[in-house]
Amino acid sequence: MGDHLDLLLGVVLMAGPVFGIPSCSFDGRIAFYRFCNLTQVPQVLNTTERLLLSFNYIRTVTASSFPFLEQLQLLELGSQYTPLTIDKEAFRNLPNLRILDLGSSKIYFLHPDAFQGLFHLFELRLYFCGLSDAVLKDGYFRNLKALTRLDLSKNQIRSLYLHPSFGKLNSLKSIDFSSNQIFLVCEHELEPLQGKTLSFFSLAANSLYSRVSVDWGKCMNPFRNMVLEILDVSGNGWTVDITGNFSNAISKSQAFSLILAHHIMGAGFGFHNIKDPDQNTFAGLARSSVRHLDLSHGFVFSLNSRVFETLKDLKVLNLAYNKINKIADEAFYGLDNLQVLNLSYNLLGELYSSNFYGLPKVAYIDLQKNHIAIIQDQTFKFLEKLQTLDLRDNALTTIHFIPSIPDIFLSGNKLVTLPKINLTANLIHLSENRLENLDILYFLLRVPHLQILILNQNRFSSCSGDQTPSENPSLEQLFLGENMLQLAWETELCWDVFEGLSHLQVLYLNHNYLNSLPPGVFSHLTALRGLSLNSNRLTVLSHNDLPANLEILDISRNQLLAPNPDVFVSLSVLDITHNKFICECELSTFINWLNHTNVTIAGPPADIYCVYPDSFSGVSLFSLSTEGCDEEEVLKSLKFSLFIVCTVTLTLFLMTILTVTKFRGFCFICYKTAQRLVFKDHPQGTEPDMYKYDAYLCFSSKDFTWVQNALLKHLDTQYSDQNRFNLCFEERDFVPGENRIANIQDAIWNSRKIVCLVSRHFLRDGWCLEAFSYAQGRCLSDLNSALIMVVVGSLSQYQLMKHQSIRGFVQKQQYLRWPEDLQDVGWFLHKLSQQILKKEKEKKKDNNIPLQTVATIS
């Protein structure tokens, strides 16, 4: 019942903001008058159930201060800014009051009969009120038959001489005397409480027994004939001797839970002049039925042998926040019923196989926040009842010592890899380690009966690719957040890591730098209900990326620009806050869906905002209108069509260029054929003029066969009627018996053009070079470009420049080069024909003005 009232009070303390009740007002049941500068109790309705008057300036409370409030259950008068005077029967008009809170108010005067008439008062709070011993000695609490909780902490009480009326408070279960100045408590002081069973009794932070000399023979047992469920004597600065004497003094009293936290027992680290608890320290508690012993927040350095030997009923032992560095052999001997052992926040560096002997029923061992780096193999193997082992935040580099137990906590260590051991567990917590290879994940997913696997804040970024997934029918929750899975998956390996997890219900992949999701990576997760992908770099999410039965998706803090709403229609809850939405018409479909969907959108609307364009930056998507985007869609279609037309045209153009370039010879032949067919361009001779030949072909006799096949058969009329040129060349047209130079000169001057076929043989033939020189001479004489030079073969510029006669021509005139690709021969012959047919400009005629002799006058 008391727990329910505590919960009720907590609700009341938040009544203003929760129920929307404005300050200094009431709604018929709750009167909310905190911080209202009141100097007296306000008048409220008789239906009021809770009256909150804290943080005001009320000075006096008398019997007439309150109207008759039969339904009032909670009165809060604490934390007044002025000293408070409470007169006789000040609360008699509140007959059904259950909780009276006067805490943190400086009580200037409290009448001994102030609380008379509160027959139903359940809890009385008088903490930090400046009260003295008189409140206990003078019967202030008599007749409070329903009183269960009495809080007198943080006052100025120095002794616990209780008024005999305490013996009649049969409902009293909890008394708090903590943070007073009670230096000594003896048997006769608490005599009115003898025979009672108290759920809580606190003497914490009083410097009890530590500032005075105690004659334990006279003081005797302060809790004689009492049963205490929780006895709190923490924070009193007890040494080993004081603790031992106190244990002996209360040896015949029942104290199920003994809190001795914040003590000064133990040598600490580096000191030897203060004793650690030994075999005699807790010997007096042998018959006290202690089940829970709290020795946390002290300086114990060494757990000595059999230090807890007499505590046969102990089930929970809390040794956290000490300086324990050494556990002696048989330190836990005698703790046959211990179930929970807390050794967290100590200085343990290594554990040995003998450390936990004597704990046959221990189910939970907490060793977190030590410095453990080495653990012997058999340390936990013999603990047959062990259910949970907590080794978080140590310095472990291997786990070969881990037994098969349901819950294993190993986060915050230095694990880089895991040994291949036979392991069975329900929960494995391995976050904040240094695991890198996904082979470790494959191994852990094979652990039988595993239900929860936590691997957050590791370094998973590589994959060997030689692992195969195996069926795990038990795993329900997998935490892989804050790793680097993008680096592993971008190698196209380990995409099958989730294949065997047909019963997985919750998967966390947040903070993994994911740019995209591997195809089908979730396709086998048929039972998945919740998926977290928040704080990644996803820009696109397609329907095939998500499991079919997914209900809850967290994809917040990604880089989604314009998501497709069809991806989310099957969800129940969606968190899409803090993405980088581009608020243009492409987003209109998603905005419309967002405003009309039945899917629960997590997070405040202000967190779903635009980042572009700048005019909409920071604007919530729920505030945007999509009007005008229909015309934009039409324009978009038009733009797309225009894009397609331009793309096709450009593609055809490029393909045409590529085809013509690749098959240019064939294309040229087709062009010439079409020209003849369309324009009836039949071969015909050249126009008659003053020249006997159209061209003189000058070449080396060693090249005759090639010249005949390559040129003469395609150009010379005597080789074919289809040809149009009357050519001159040495082998046919030179007059036998005549001087060779004369033949050359005659051929040069009787031909419209001179075509020199310069090959390697040409450069070695003196007559050819001589003919080239004569041809240059004609060009100089006629001031025209009758000489056509054709380079045949792979002759370099340097080879041509070595010959003086050719050097001058190459430096000043253009020349042709016989094509290397056979398909270019037709085009080349056409170009050569055009050069032969090309007429030179007529030379200007002289005016033929005769010169006359000019007479000189002397």
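Each Cβ is built from the backbone N, Cα and C atoms, and glycine gets one as well.
Residues or ranges marked as signal peptide by Swiss-Prot: 1-20.
Among the features that Swiss-Prot reports, topological domain 'Extracellular' is placed at 21-639.
Swiss-Prot lists ASN37 (among others) with the feature N-linked glycosylation site, giving experimental evidence as the kind of evidence. Within its own chain, ASN37 (N-linked glycosylation site) has ASN56, TYR57 as residues 6 or more apart in sequence whose C-beta sits under 8 angstroms from its own.
Sequence annotations record features per position, and here Swiss-Prot assigns repeat 'LRR 1' to 45-68. Long-range Cβ contacts of the repeat 'LRR 1' (45-68) within its own chain (Cβ-Cβ under 8 Å, at least 6 residues beyond either end) map to 12, 15, 26, 28-39, 74-94, 101.
Among the features that Swiss-Prot reports, N-linked glycosylation site is placed at ASN46 (among others), with the record citing experimental evidence. A sphere of 10 angstroms centred on the C-beta of ASN46 (N-linked glycosylation site) encloses 10 other C-beta atoms.
Swiss-Prot lists 71-93 with the feature repeat 'LRR 2'. Sequence-distant contacts of the repeat 'LRR 2' (71-93) (same chain, at least 6 residues past either end, Cβ-Cβ under 8 Å): 8-9, 12, 46-63, 65, 99-111, 113-118, 125.
Remote same-chain residues near the repeat 'LRR 4' (120-143) are listed as 1-2, 5, 78, 95-107, 110, 112, 114, 149-166, 168-169, 176 (criterion: CB distance under 8 Å, separation of at least six residues from the stretch ends). As annotated by Swiss-Prot, repeat 'LRR 4' applies to 120-143.
Taken from Swiss-Prot, the feature repeat 'LRR 5' covers 146-166, and the record attributes it to experimental evidence. Averaged across the repeat 'LRR 5' (146-166), the predicted model reaches a pLDDT of 97.
Summarising the annotation, Swiss-Prot assigns repeat 'LRR 8' to 214-229 and lists experimental evidence as the type of evidence.
Per Swiss-Prot, the feature N-linked glycosylation site maps to ASN245 (among others). Of all Cβ atoms in the protein chains displayed, 17 besides its own lie within 10 Å of the Cβ of ASN245 (N-linked glycosylation site). Under the three-state DSSP scheme, ASN245 (N-linked glycosylation site) falls in the helix class.
The helix, strand and coil residue counts that DSSP assigns across the repeat 'LRR 11' (260-284) are 2 helix, 0 strand, 23 coil. The annotation repeat 'LRR 11' is assigned in Swiss-Prot to 260-284 on the grounds of experimental evidence.
The repeat 'LRR 12' feature in Swiss-Prot is assigned to 289-301; the stated evidence is experimental evidence. Residues 234, 254-269, 271, 274, 276-277, 282, 308, 311, 313-326, 342, 347 of the same chain, all 6+ positions outside the repeat 'LRR 12' (289-301), place their C-beta atoms under 8 angstroms from a C-beta of that stretch.
Here Swiss-Prot flags ASN342 (among others) as N-linked glycosylation site, drawing on experimental evidence. The number of other CB atoms found within 10 A of the CB of ASN342 (N-linked glycosylation site), across every protein chain shown, is 21.
For the repeat 'LRR 16' (385-401), the residues of the chain that approach it from at least six positions outside its boundaries are 339, 344, 360-373, 375-379, 407-416, 418-419, 421, 429, judged by C-beta separation under 8 angstroms. According to Swiss-Prot, the feature repeat 'LRR 16' maps to 385-401.
The list of residues near the repeat 'LRR 17' (412-431) in space but at least 6 beyond its ends in sequence, with Cβ under 8 angstroms from a Cβ of it, reads 368, 391-400, 402, 404-406, 437, 440, 443-444, 447-458, 479. Positions annotated as repeat 'LRR 17' by Swiss-Prot, on the basis of experimental evidence: 412-431.
Annotation source Swiss-Prot lists N-linked glycosylation site at ASN422 (among others). Counting only same-chain residues at least 6 apart in sequence, those with a Cβ under 8 Å from the Cβ of ASN422 (N-linked glycosylation site) are SER404. Under the DSSP three-state reduction, ASN422 (N-linked glycosylation site) is assigned to coil, being neither helix nor strand.
For CYS583 (disulfide bond), the number of other Cβ atoms no farther than 10 Å from its own Cβ, over all displayed protein chains, is 21. The number of other Cβ atoms within 10 Å of the Cβ belonging to ASN598 (N-linked glycosylation site), over all protein chains shown, comes to 7. Residues 481, 486, 502-517, 519-521, 552-561, 563-564, 566-567, 575 of the same chain sit 6 or more residues outside the repeat 'LRR 21' (527-546) yet have a Cβ under 8 Å from a Cβ within it. When other Cβ atoms within 10 Å of the Cβ of CYS629 (disulfide bond) are tallied across all protein chains shown, the result is 17. In the three-state DSSP scheme, ASN598 (N-linked glycosylation site) is classed as coil.
With a cut-off of 8 Å between Cβ atoms, the residues of this chain six or more beyond the repeat 'LRR 8' (214-229) that come close are 184-187, 189-190, 193-201, 245, 248-257. Neighbour counts of Cβ atoms within 10 Å were compared across the recorded positions ASN595, SER805; the minimum falls on ASN595.
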